[in-house]
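Below you'll find the structure, written out as structure tokens, and then a few comments.
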Amino acid sequence: MFSLKQNCWFIKKVVIWRAVSSIAWSVLLLPVTTAVFVLLSRFNLFHPIQWISECTSLLTASSTIFSLVVLCGVVLMTGFFNLEFYTLVPSIPCSRVALLGTVLHPRQCVHSLVYCTMGMLVMWCASVTIGGRYSTLGTPCRQSESGEFVTCLNEYHLFLLLAGAFMGYSHSFLGVVQNMYYVSFQPIQQYKYPRFKGCLPAVVKCSVIQSLYSARNFAALYFFFGYVPKTWISSTLNLQIDSSLQPLDSLTGLIDFSLLYHLAISGTFLYLTWYLTVLLFRIYVTEAYSFPVQSTFTEDAEQCLPKVLAEKNTLVMKFLALQDLALLSQHSLSRRLEVFSLSQPGGHPHNWNAISKECLSLLSELTHRLVAHQDAVASNGRVKSQSASSDTRSVSSSSSVMSGTEDIPETPRLGVPLRTPGSVFKSSVGGVHSSLTAPFTSDADSPFSSPAIRRLVGQQEPQSPWFGTVQSPHVMRRGPKLWSASTESQTNGSPPASPATVSSPPAANQKPSFLAQWLQNRREQVKSFLAKRVLIVYLFNKLPEASSQALFADSQAHIWALQGLSHLVAASFSEDQFGVVQTTLPSILSCLVVLLEAVDRHFKLPHASSKPARTICSMGDSTYKTLRFALRAALKTAIYKITTTFGEHLNAVNISSEHRKRLQQFLEFKE
């Protein structure tokens with residue numbers, strides 16, 4: 001989620017100006033959409049000349065110009081909300097109660113209230129434009145008893161205003177349910193105009209379909225509860241109710257083709273105004289941006305690609321930098337040579353070191369996340385036994401040779417106990433976190449979640465021995481082990497610690513008090529009681545595929561990292577004059593193979609390999625539901641890219657035998 005308080009050069013110089021450009025184009029399109037709405041609202045098949053003359057005079061009327069001014073204000077507010085609420089990592093609630101909590105969040109309630117108000121404003125402009133019986137809220141009428149003229153409530157005008165509020169809330173609600181503020185990047189780059197032209201028919205279709213659904217739902221709602229706002233407004237504004245007209249909260253009143261037609265086209269105009277603003281914002285924000293690989297001046301160093309890739313606060317800049325890395329690795333020879341170049345003076349490959357370090361860090365983080373999820377699923381809320389833990393595969397750092405003083409981050413490798421970073425469950429890419437993007441957030445808050453799951457996602461105290469690195473679930477309840485101290489001492493070169501120096505805590509401190517035991521028993525009783533209630537289980541049960549989708553919610557960044565690394569490594573076979581890539585080739589290959597094994601194990605879990613159901617036409621971007629399949633395809637493509645380029649030369653690379661066997665399958669095209 002974006003915040004205008006972010007103090008970053010990229011936000012000030014790029015993102016805000018792109019948002020302003022999208023809003024400006026939305027405002028420029030308002031006269032066009034308004035003219036189409038006027039033509040449809042005054043449609044008259046049998047008198048076409050009169051129809052065109054009335055529309056022409058209406059478009060130049062002062063009421064229409066004032067309505068355009070109001071609509072410009074609505075578009076500006078919509079553009080501001082797009083800039084404030086957009087996200088590059090979708091919010092995926094893992095249970096229905098988590099989704100309900102998001103809908104009822106105070107921030108979302110304010111958002112819904114604002115959109116209800118904007119919906120009423122748009123519908124007021126539409127009713128004024130249509131004219132006739134929809135023009136004003138009060139209309140003169142004759143009393144049946146005295147025969148005097150009084151001001152009565154115009155229920156047709158009220159009907160359209162309430163419909164606008166209902167559609168505004170529907171748009172805000174669907175923005176949460178369908179992740180409408182999720183901005184995805186297109187796999188095939190297009191210029192802005194061709195992309196807008198290609199998406200325009202789909203936007204119009206979605207506007208019509210959503211308007212028909214909203215009109216149907218609102219008509220049913222008004223049929224049952226329409227008398228409540230009608231009575232309240234008439235008494236508040238001291239307006240009489242015309243008894244000579246058929247009320248609209250009745251079946252005969254709602255069966256009015258003209259009313260339903262104007263409601264449908266007004267709703268289409270409303271949704272089209274909002275959807276065009278959303279579409280233009282997505283097109284402008286996701287436009288490719290070219291970062292310089294290296295800079296001549298020191299003050300511009302923070303704008304270079306190696307520095308930008310390490311950014312942790314501005315997620316949109318990091319995504320665009322990874323996209324630029326993937327593009328330059330495929331299409332720009334001159335910029336690839338800058339990546340492979342050496343620094344002067346010193347002769348160090350700083351550019352390649354920084355780029356490969358960040359890419360390997362992203363891939364290693366995803367590997368840790370997948371392995372931790374598999375451990376949590378395998379434990380199923382129970383602590384693994386000592387014998388079962390010996391079969392668990394984990395990741396470790398493989399040796400990497402780097403020139404200069406910069407190091408490549410630890411690459412996952414099998415063979416040593418897993419240490420899962422606490423940030424796996426708190427952030428996706430670059431440390432940016434939303435409470436609903438964490439795959440296990442809803443389970444941890446659930447009353448039925450297991451202690452093992454809560455320990456995985458829980459915060460660690462700085463005084464805790466597990467602070468900074470979190471062990472796998474099967475070792476969470478172990479006491480201090482002598483081998484841990486000896487391993488560390490051997491690594492540092494010091495002699496192993498004596499067994500006498502390891503003191504165990506007193507038994508009295510480990511035994512819980514009577515009050516704590518009693519509270520724990522009562523808690524388990526309440527949990528078992530609630531677990532038998534059907535409604536509670538329905539609300540707290542995990543949604544199918546939710547955990548898998550949440551694990552790969554930010555995988556677009558990993559896909560670009562895979563593409564950038566693989567194409568740079570493949571290009572280095574003929575373009576790397578100094579051999580800077582060859583020193584890190586073992587680490588890259590090991591990282592890719594370990595990630596592939598973790599992905600393969602994940603797809604064996606329930607619901608992980610099932611395709612998502614096709615949804616109806618909506619503006620919500622659902623591409624995140626298939627990101628795990630795209631990542632697996634990109635990972636295999638990256639490995640094939642390297643193996644087909646180097647061929648049998650990979651036999652000379654210093655990697656483990658297990659990794660060599662897996663790479664041999666790629667060399668023989670058996671994967």
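Cβ from N, Cα, C; glycine included.
Residues or ranges marked as transmembrane segment by TrEMBL: 23-45 (among others). Using a Cβ-Cβ cut-off under 8 Å and counting only residues 6 or more beyond its ends in the same chain, the transmembrane segment (23-45) has close neighbours at 51, 54-55, 58-59, 64, 67-68, 71-72, 75-76, 78-79, 126, 129-130, 262, 265-266, 269, 272-273, 276-277, 280-281.
Annotated transmembrane segment per TrEMBL: 57-79 (among others), in sequence order. Same-chain residues lying 6 or more positions outside the transmembrane segment (57-79) and placing a CB less than 8 Å from one of its CB atoms are 19, 22-23, 26-27, 30-31, 34-35, 38, 42, 114, 118, 121-122, 124-125, 128-129, 131, 273-274, 277-278, 281.
Annotated transmembrane segment per TrEMBL: 113-136 (among others), in sequence order. Through the fold, the transmembrane segment (113-136) approaches residues 34, 37-38, 41-42, 58, 63-64, 67, 70-71, 73-74, 77-78, 81, 154, 156-157, 160-161, 163-169, 171-172, 262, 266, 269-270, 273 of its own chain, all at least 6 residues removed from its boundaries and within a Cβ separation under 8 Å.
Sequence-remote contacts of a segment are chain residues at least 6 beyond its ends whose Cβ falls under 8 Å from one of its Cβ atoms, and for the transmembrane segment (156-177) they are 85, 91, 99, 102-103, 108, 111-112, 115-124, 126-127, 133-137, 210-211, 214-215, 217-218, 221-222, 226, 229-230, 233, 248, 259, 262-263, 266-267, 270-271, 274, 618, 620. As annotated by TrEMBL, transmembrane segment applies to 156-177 (among others).
Summarising the annotation, TrEMBL assigns transmembrane segment to 259-281 (among others). Residues 19, 22-23, 25-26, 29-30, 33-34, 37, 40-41, 71, 74-75, 78-79, 82-83, 86, 119, 122-123, 126-127, 130, 134, 156, 159-160, 163-164, 167, 171, 180, 183, 196, 199-200, 203-204, 206-208, 210-212, 214-215, 218-219, 248, 619 of the same chain lie 6+ residues outside the transmembrane segment (259-281) yet bring a C-beta within less than 8 angstroms of a C-beta in it.
Here TrEMBL flags 381-417 (among others) as region 'Disordered'.
What TrEMBL lists as compositional bias 'Low complexity' is 385-403 (among others).
Marked as region 'Disordered' by TrEMBL: 481-508 (among others).
Taken from TrEMBL, the feature compositional bias 'Polar residues' covers 484-493.
Taken from TrEMBL, the feature compositional bias 'Low complexity' covers 499-508 (among others).
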